[in-house]
Each structure stands twice: as C-alpha cells, then as structure tokens.
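What follows is one structure encoded as structure tokens, with my remarks underneath.
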Amino acid sequence: METTLAKTPEKRQVVFLAILLLLWEAGSEAIRYSIPEETESGYLVAHLAKDLGFRVGELATRRARIHHRGNKELLQLDVETGNLLLKEKPDREALCGATEPCVLHFQIILENPVQFFQTELQLTDINDHSPEFPDTEMLLKIQESTQPATVFLLKAAQDSDIGSNAVQNYTVSPNLHFHVVTLSRSDGRKYPELVLDRALDREEQPELTLILTALDGGAPPKSGTTTVRIEVVDINDNAPEFVQSLYSVEVPENSPLDALVVTVSARDLDAGIHGNVAYSLFQGGGGPQPFVIDEITGEIRLKGALDFEATSYYTMEIVATDSGGLSGKCTVAIQVLDVNDNAPKLTISSLTSSIPENAPEAVVAVFSVSDPDSGDNGRMVCSIQNELPFLLKPTFENYYTLAAEGPLDREIREEYNITIIVSDLGTPRLTTQHTITVQVVDINDNAPAFTQTSYTMFVHENNNPALHIGTISATDSDSGSNAHITYSLLPPHDLQLSLASLVSINADNGQLFALRAMDYEALQAFEFHVVARDGGSPALSSQALVRVVVLDDNDNAPFILYPMQNASAPCTELLPRAAEPGYLVTKVVAVDSDSGQNAWLSFQLLKATEPGLFSVWAHNGEVRTTRLLSERDVPKHRLLLLVKDNGEPPRSASVTLHVLLVDGFSQPYLPLPEVQHDSSQDEDMLTLYLVIALASVSSLFLLSVLLFVGVRLCRRVREASLGACSVPEGHFSGHLVDVSGMGTLSQSYQYEVCLSGDSGTTDFKFLNHYSQ
C-alpha cells in the first residue's frame with residue numbers, strides 16, 4: 001500500500017494528520033551543540049536528558065536511540081545517564097571540507113510512544129593543518145626589461161582549515177628586487193602576488209632564489225614554505241590575454257572520463273617564441289580537482305568521476321604563460337548537473353525482530369529513507385504488502401514507523417516477512433527493498449534452571465591468571481531472547497572476601513576463570529552464588545552455589561628456626577670429648593608453611609668434617625654422636641644438614657652447624673630412647689663412680705692444701721729477696737691441666753657432688769654452691 005497515494009477519505013485523514021505532524025516538527029527548533037574538532041572520544045557533549053526535559057533513566061525506559069545522517073556515527077547516547085558522548089574523534093575537514101559552518105544533523109528517536117527530536121552538532125575549526133604549497137619549487141621567467149611594480153602570479157598554499165585558521169598572509173625572504181602582497185579571492189581565500197620593486201639585470205644576476213612563506217591565522221600560527229626560482233630572460237613585453245575572463249559550463253555528473261568540458265583560448269601579441277602560449281591549471285587552495293588541461297590546445301577534459309551529491313560546483317583558474325614568462329589568467333566555472341544515479345537508501349534506526357503475542361500495536365521498526373539526488377530524483381514513496389496486519393506510519397522528514405495493526409495471534413501465524421519498498425520519482429525510477437522478519441513469541445514464563453544445585457571446583461594454588469576452573473550451566477525452556485541466559489556473580493556474604501579480584505565469569509557461556517594466582521596458605525576455600533538471568537521482560541533468574549577449593553602446592557621451602565643462621569655470629573655447639581655414642585649434640589628445628597605431605601620434613605646430613613662421627617635423625621632433626629671421641633679427632637667440626645619436605649618436586653633448605661670439642665665440659669648426657677639399661681649393671685657402675693668420686697675429692701683437697709702452703713712460702717721468700725715473684729711469660733695451651741688443682745672451675749667456687757644410690761641412674765647431680 002503506498003502511503004503517499006491514499007484515495008479513501010479515511011486515508012486522506014491519515015495523510016492530513018501526518019502533514020500536520022510534519023509541519024509541527026519542522027517548526028520546532030533543533031537543539032544545537034558545538035564542540036571543537038579533534039576532540040577526544042568519550043567527551044561529554046551535553047546532558048541530553050536535561051536538555052530535552054526528561055528525567056534521568058526516562059530515556060532508557062522509552063528506548064531512546066540516536067540516528068545519524070550519513071555514514072559517520074560520531075555520537076553515542078548513554079540512555080541510563082542521559083549523557084551525549086563522542087564516539088570517535090571528529091575531523092572537520094574530512095566531514096565538511098570547506099563548508100562553513102560545519103553542522104552535522106542527527107535525530108533522537110524515542111519509542112513507547114514514538115517521538116523525534118532534531119539535533120545538530122556544529123564542529124568548530126581548530127588550527128590543526130599547516131599551509132602546504134602544491135610544489136616545492138616555483139619557476140618564474142622574468143624579462144630584464146620588466147618595469148618595477150609589475151605583478152607576478154604565485155601559486156597559493158593549501159590549508160584544510162577554514163576561517164582565521166586558513167592562510168592569512170604571505171611573506172618572502174628579504175631581497176633587493178621583490179616583495180609579496182596578499183590578496184583575497186571572491187570566496188575569501190588568500191593568494192600571493194609577487195611585485196617587482198627594482199628592475200632586473202640579467203647580466204648582473206641571471207637567477208634569483210626566494211623563499212615564499214604562507215602563514216595561517218591560528219594561535220600560534222602555522223606556516224609552509226616553497227622556493228621561488230626566478231630566471232631573468234630577454235625582453236618579452238606582452239603577456240598572454242584570454243578571449244574571455246570567465247568561462248561558464250554545465251556538465252552532467254555521469255559524464256565519462258576524458259570527456260571535453262570546455263576549451264579556453266589566449267593570445268599573445270609578441271612574435272616568435274615569445275608568442276607561444278602554454279596553458280595550465282592554476283592550483284589554488286581548494287584542493288585537487290577532477291580536470292586536466294591540454295597545455296597546447298587549451299582543452300579541459302574530465303580525468304575523474306563527478307558526483308553531484310559530493311560537489312556540485314567547481315571554480316578554477318587557468319593560466320596562459322608565454323615562453324618569456326609572462327602570463328595571463330581566466331576563471332572557469334563548472335556546474336555539475338544532477339542525474340538520477342542514486343537509488344533510495346533505507347536506514348533502520350530501531351528494529352524489533354520478535355513481538356509478544358499480547359502486545360497491541362507493537363512497533364516493529366523505525367526507519368528513515370533518503371535519496372541524495374535532487375528534485376524529483378530525490379522524492380520517494382514507501383509501501384509494504386497489503387495482506388499483512390502491519391501499518392506504515394509517516395512521522396517527519398522521511399521517517400516511518402512500522403507497527404502492528406493490533407494484537408497478533410501466535411497460534412495463527414508465528415512469523416511474518418515484511419518487505420519495505422522505497423521508490424524515487426526520477427526517470428527511470430530507482431527502487432530499494434528491505435525485508436524484515438518478525439517472530440511472534442510467547443511471554444517469558446520460565447526461569448533458567450541450573451544443571452546442578454551446587455558446584456564444587458578445584459584449583460591448584462599458584463595457578464596462572466585467567467585459568468579456566470570450571471563451567472556453570474543453566475537452561476531455559478523459553479525461546480528467543482527469553483531463553484538467552486547471561487551469568488553474573490553475586491556479592492559474597494563475607495564482606496572480607498574480595499570476590500571480584502578472585503574469579504570472573506563469562507556472561508555468555510558461564511565459564512569461570514581465576515583472575516589471579518591463588519595462595520593456599522592465605523585462602524583454602526571460598527563460596528559464592530552465580531545468577532543465571534534470561535533476556536525476558538521482566539527478566540527471570542535463579543541462583544546456584546559455587547564452592548572453590550584451593551589445592552595446596554609445594555611452593556614453600558622449609559624454614560629453619562634453630563639453629564639461627566647468622567653470618568656474623570655462626571651457631572656453635574659444644575661437645576665434650578668424653579661424650580658417649582648417641583650423645584645429643586643439638587636439634588635442628590624447622591617448619592613448612594605448606595600442608596599435608598608438602599609439610600612433612602625429613603633431615604639429612606650432607607657433609608661433615610669427620611664422616612661417621614655424627615648422624616641426624618631423619619624425622620626429628622636430632623644430631624647425635626655415633627661413636628666415642630678420640631684424641632685424633634680435630635677440635636672443630638663443620639656439619640652441613642639438609643631439611644627437605646615431601647612435596648613434588650621436593651623443596652629443601654640447608655643449615656651449617658659448627659661443633660667444638662671441649663675438655664671437662666659438664667652436661668647431662670641424654671641417652672638414646674632406644675637403649676635399655678640393665679639394673680644390676682647400673683648398680684655396679686654406681687658403686688664404681690662413688691669410689692672414683694671420693695678419691696678425686698680427697699686428692700683435690702690434699703693438692704689444694706699443698707699448693708696453698710707452697711704459695712704462702714713463695715710469697716715470703718719473694719718479699720724477703722726481691723719483694724716480688726717473677727711470672728714466666730708466654731702462651732699456655734688451653735687444653736693443659738690447671739696446676740692449681742682447681743680444674744676448669746674458678747677458685748671462688750666449689751661444688752658438692754652427690755650420687756644417689758637408689759635413683760637407678762648414673763647421672764651426676766650438682767646440688768650445693770659454696771663461695772670461698
């Protein structure tokens with residue numbers, strides 16, 4: 001049915017109402033925003049919801065959308081906050097070229113109910129382009145007879161910027177013969193002319209080189225330079241003159257390449273080689289043009305395709321130069337004629353591929369039609385099939401809404417293929433078709449169901465970040481978007497658990513990933529809930545419990561608590577030479593932060609100064625002697641012990657133990673727990689020890705008395721003769737017996753030795769302490 005050709009009175013009323021709506025919309029002022037070009041993406045252009053008079057969130061409720069004219073989508077609308085943001089960095093020169101002002105039109109489309117707002121974005125120019133000359137060098141041939149104040153045409157620099165940021169001034173390097181003046185064309189573009197100040201003398205200087213500089217009006221200004229090379233030639237006193245100063249021509253946009261556009265003609269009154277004229281296109285600041293000129297005949301032909309929709313009018317200057325360097329110019333104005341070479345374009349702004357069967361007059365699509373041609377070539381009509389229960393409703397400015405006539409019945413038909421036909425009124429007519437498939441679906445009455453009520457997943461500590469540890473799966477009995485399930489994590493009940501830093505879930509397939517390496521020593525397990533939510537409206541959801549168990553890895557080496565390793569003061573253990581086999585020298589104490597078999601420690605003696613003298617118990621770290629010490633054993637021993645855990649692979653730590661053999665060191669002897677003592681043998685040994693102790697005490701007492709008397713006598717003799725007793729000097733070995741008879745103890749201490757006859761042990765006990 002064609003909406004523009006309605007015949008019945010009812011359709012006339014619809015058309016009349018549509019025209020009123022179009023007039024109302026056209027009369028409403030568009031909201032205009034302005035930003036500088038090259039503004040970074042993400043820039044906040046405006047709070048659109050506030051400017052349109054809506055509350056925050058109302059744009060999302062009404063399913064607001066933004067539609068751009070053209071292919072560039074520079075803006076994006078955050079419907080939740082109502083903010084209008086830049087989607088990408090805009091380039092004014094790429095979007096508008098030399099057009100000023102640069103205004104981009106777009107529409108804000110709201111559904112439920114449908115409403116349109118005309119909005120414009122103006123891009124202001126910034127000085128982001130430097131002037132550029134078309135050539136790095138310009139050659140001028142000037143006769144030596146040229147009079148001062150003669151003007152020579154120079155090629156203008158091109159600057160993509162506009163306004164004050166475009167080229168504003170030209171300067172030339174200091175010289176004695178020329179200065180440059182800056183002039184304006186009818187379109188406002190600046191161009192330079194070189195003015196002769198002082199007559200040239202070819203015999204004095206046959207060639208000059210000048211630097212021409214173009215400056216724009218930016219702050220700070222940008223510049224571009226080119227070299228002007230001047231050849232001084234013999235006299236040529238007539239410049240070429242064109243038959244017409246202005247050539248106007250019309251060219252259809254579908255003209256083939258190399259088609260003749262126009263022929264220009266110039267003549268030179270000079271004779272000989274000075275009368276030969278060469279034609280060339282004078283490149284101004286407007287950029288390259290799709291034309292080429294024959295330098296001999298003056299024929300201007302088409303070298304590139306024309307497009308009325310892109311550029312409808314060209315203006316260029318033709319320069320005729322004789323062999324003496326004199327030149328003349330004319331202007332060629334070319335009007336491009338439009339032909340019907342563009343089919344209508346249909347742009348879908350909003351599309352709903354499925355409609356609930358209970359939705360009355362549901363909107364299926366909002367679209368716009370456009371045709372860049374002009375006149376009847378750009379006028380369009382739009383229609384759909386007659387037998388379908390859908391209507392096309394024109395809104396404004398070539399916008400249409402495709403909606404259902406009333407509630408649909410899924411049981412009668414669950415799918416519709418709607419073909420939208422758009423035709424222009426040109427000759428011949430060009431047509432565009434677009435087919436939309438609409439599904440009629442049930443309402444959302446089934447919540448997602450997990451395959452398990454709870455999930456347990458295991459991950460080894462020290463895992464790689466982004467490791468896939470498992471998959472959560474749910475199904476939904478609905479169809480279409482109602483069955484599209486998205487997964488998300490619920491905040492944990494334990495506020496101390498930073499779940500967002502531990503795991504993440506793929507919203508589409510439920511795959512769980514560990515975001516960082518787990519540490520069993522810090523966290524052994526944690527729980528959280530996963531939500532599966534379908535895409536219905538309103539959405540239905542369900543939850544499942546997930547428990548992640550961290551498995552311990554052997555990532556901690558044993559740590560030795562004792563003996564402490566200190567390079568400045570190494571640990572030294574004292575061992576009496578009279579120690580029996582199995583004597584406890586020391587005990588190595590170590591811990592492991594891991595758990596299970598990764599924390600089971602074993603001890604091993606790797607290296608010793610005297611192999612076979614010491615041994616270490618593998619499970620408790622006790623270092624004991626394995627035999628009796630002899631006089632041949634060195635006094636200092638160095639033991640290297642290894643502490644190893646039971647992990648895979650095992651980790652270990654080593655400790656160095658220094659053992660010093662000493663004489664007369666009294667320390668309780670700790671027997672091996674395995675040794676079984678014979679009670680009768682202990683009683684015999686006890687009696688023997690008692691006898692030896694009494695004899696030793698008596699001998700020491702007698703020796704002490706004798707020494708005391710000898711010392712007293714020596715003092716008396718010394719006092720009588722010299723008044724002093726000389727003491728021999730020299731080093732006494734530390735292992736020699738003390739001649740005072742006091743042993744290794746100081747003279748100020750004595751100990752009472754007691755043997756218990758009924759204790760059943762041979763250990764000595766130190767009971768009383770006496771001071772002399």
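Using N, Cα and C of the backbone, Cβ positions are placed for all residues, glycine too.
Here Swiss-Prot flags 1-28 as signal peptide, drawing on experimental evidence.
Here Swiss-Prot flags 31-133 as domain 'Cadherin 1', drawing on sequence analysis.
Within the model, the topological domain 'Extracellular' (31-690) carries an average pLDDT of 86. The topological domain 'Extracellular' annotation in Swiss-Prot covers 31-690.
Taking the Cβ of Cys102 (disulfide bond) as centre and 10 Å as the limit, one finds 20 other Cβ atoms among all the protein chains shown. According to DSSP, Cys102 (disulfide bond) is assigned to a strand segment. According to Swiss-Prot, the feature disulfide bond maps to Cys96-Cys102, an assignment based on experimental evidence.
If you look up Swiss-Prot, you'll see 134-242 marked as domain 'Cadherin 2'.
Per Swiss-Prot, N-linked glycosylation site is recorded for Asn169 (among others), and the stated evidence type is experimental evidence. DSSP gives Asn169 (N-linked glycosylation site) a strand state. Non-local neighbourhood of Asn169 (N-linked glycosylation site): Thr182, Lys190, Ala214, Leu215, Gly217, each in the same chain, at least six residues away, with C-beta under 8 Å from its C-beta.
Annotation comment: Swiss-Prot describes Ser223 (among others) as O-linked glycosylation site. Under the three-state DSSP scheme, Ser223 (O-linked glycosylation site) falls in the strand class.
The annotation O-linked glycosylation site is assigned in Swiss-Prot to Thr225 (among others).
Sequence annotations record features per position, and here Swiss-Prot assigns domain 'Cadherin 3' to 243-346.
Feature annotation from Swiss-Prot assigns domain 'Cadherin 4' to 347-450.
In the three-state DSSP scheme, Asn417 (N-linked glycosylation site) is classed as strand. The N-linked glycosylation site annotation in Swiss-Prot covers Asn417 (among others) and is backed by experimental evidence.
The feature domain 'Cadherin 5' is assigned by Swiss-Prot to 451-560.
Summarising the annotation, Swiss-Prot assigns N-linked glycosylation site to Asn566 (among others) and lists sequence analysis as the type of evidence.
Marked as domain 'Cadherin 6' by Swiss-Prot: 575-675.
Residues or ranges marked as transmembrane segment by Swiss-Prot on the basis of sequence analysis: 691-711.
The topological domain 'Cytoplasmic' annotation in Swiss-Prot covers 712-772.
Counted with DSSP, the domain 'Cadherin 2' (134-242) comes out as 3 helix, 54 strand, 52 coil. For the domain 'Cadherin 3' (243-346), DSSP puts the residue distribution at 4 helix, 49 strand, 51 coil. There are 16 other CB atoms within 10 A of the CB of Ser223 (O-linked glycosylation site), with all protein chains counted.
Just so you know, the Cβ of Cys96 (disulfide bond) picks up 19 other Cβ atoms within 10 Å once every protein chain is counted.
Comparing Cα positions, Cys96 (disulfide bond) lies closest to Ser223 out of the glycosylation sites Ser223, Thr225, Asn417. Note on the glycosylation sites Thr225, Asn417: the fewest other CB atoms within 10 A surround the CB of Asn417. The separation of Cys102 (disulfide bond) from Thr225 (O-linked glycosylation site), Cα to Cα, is 28 Å. The two recorded residues, Cys102 (disulfide bond) and Ser223 (O-linked glycosylation site), have Cα atoms 24 Å apart. Recorded residues Ser223 (O-linked glycosylation site) and Asn417 (N-linked glycosylation site) have their alpha carbons 60 Å apart, per Cα-Cα distance.
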